[in-house]
Amino acid sequence: MGVQLRLPPGEPCHEGYVLSLVCSNSSRASCEITNVSESLPYPVVYTNLNSSKTNFSISASVENKYNLYVGLVLAISSSVFIGSSFILKKKGLLQLADKGITRAGQGGHSYLKEWLWWAGLLSMGAGEAANFAAYAFAPATLVTPLGALSVLISAILSSYFLNERLNIHGKIGCILSVLGSTVMVIHAPQEGEVTSLHEMEMKLRDPGFVSFAVIISVISLVLILIVAPKKGQTNILVYIAICSLIGAFSVSSVKGLGIAIKELLERKPVYKDPLFFILLTMLALSVTTQINYLNKALDTFNTSLVTPIYYVFFTSMVVTCSAILFQEWYGMKAGDIIGTLSGFFTIINGIFLLHAFKNTNITWSELMSTAKKEALSPNGNQNSYVLLENADFSASGYDDDITLFSRTNDQSSHKL
């Protein structure tokens, strides 16, 4: 609910009644009452429609900030639960492997008897539920990029509980991801967006979003029917592009269903609205398609490449779809837009460092020793000696070179 109004005594309040409001710019607005429900205990009540003060904007700002904070807490909680779930399930699977039981990768199902695996599954469910609820309170522009924190949390916990080494690139990537997420939270849009299924329906009918949906659908069909059978096994971008394009619809559906659940808690007959079932069907189709092609990408290409590329493509499509559908960027200051984009690209760099160099064994002490060696040679001459000291020369290789040159000389002498 964006703005609350208390009508004067005797003023009718029923569906279909039209209110005439006087705006601050001397214009008039006609508002039709589309739904009547029980009053909720909001702390601010508006009693004067003609007040010259900015009560409307103040209350809307307070409510929007409240929703933003709730969505932020839910999004971070989702990342914590999902990141922890990978560790719990992996820990349970490792315990089964130590016992000599058939592993899941070999077709075994003994993990169903392991309580740690079930704890991980419940943690995953709690994280997905929190993420689902976060879209009902906060903009998708904020919720979706924060999903990168689950990767960060999983990487940190794995180094402590699974004894998996986190190199210097991974640590820098974690720091960049946290900094980028913080910047995005600070500059996130705080508009009220859509607060009811009726408003959601109006947004979906907007010509701009209809054009966007048609273009995305056509591109997705071309990729699925024509490009994927030919180039899917050789080009990593094909499967990831399909997942990302379809993923934009899944997030929009989740956003709409979250609003429907909020209205259902307010005892509104949401189940009578066809849009509820349309969103539910769209979510099922889009998620099924995403899972199918994401599994193909993971099965065909290296995970260290799929994860960061998929994050960039998917988040970019969600932000674009949200900007068109919910107009989350409308009214944002230039500084906030730059800050949001900067935070997003910082997260991208962090995720890239975390995955692309995860097999690179470089420690902080090695970097410091290299820096000290470089500092010893002001003219850069010491570097050549360091290279010579670290180079491995084999006697056999040296002999091969001599033999090669001698054969060359012999051949040249015969020619002469």
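Using N, Cα and C of the backbone, Cβ positions are placed for all residues, glycine too.
The topological domains that Swiss-Prot gives for P229 and K333 carry different names, which places them on opposite sides of the membrane.
When the residues N25, N302 are compared with Swiss-Prot, the one annotated as N-linked glycosylation site is N25. When N50, N361 are compared in Swiss-Prot, the N-linked glycosylation site annotation sits on N50.
Counted over residue pairs separated by six or more positions, the transmembrane segment (166-186) shares at least 3 Cβ pairs under 8 angstroms with the transmembrane segment (337-357), which defines the two as touching. When Cβ distances are compared across the two stretches, the transmembrane segment (234-254) makes no contact with the transmembrane segment (337-357), since fewer than 3 pairs at least 6 residues apart fall below 8 angstroms. Beyond the ends of the transmembrane segment (115-135), by six or more residues, the same chain brings 71-72, 74-75, 77-93, 95, 143, 147, 150, 251, 254-255, 257-258, 261 to within a C-beta distance below 8 angstroms of the stretch. It is 306-326 that, among the stretches 137-157, 306-326, 337-357, forms the most Cβ pairs under 8 Å with the transmembrane segment (208-228).
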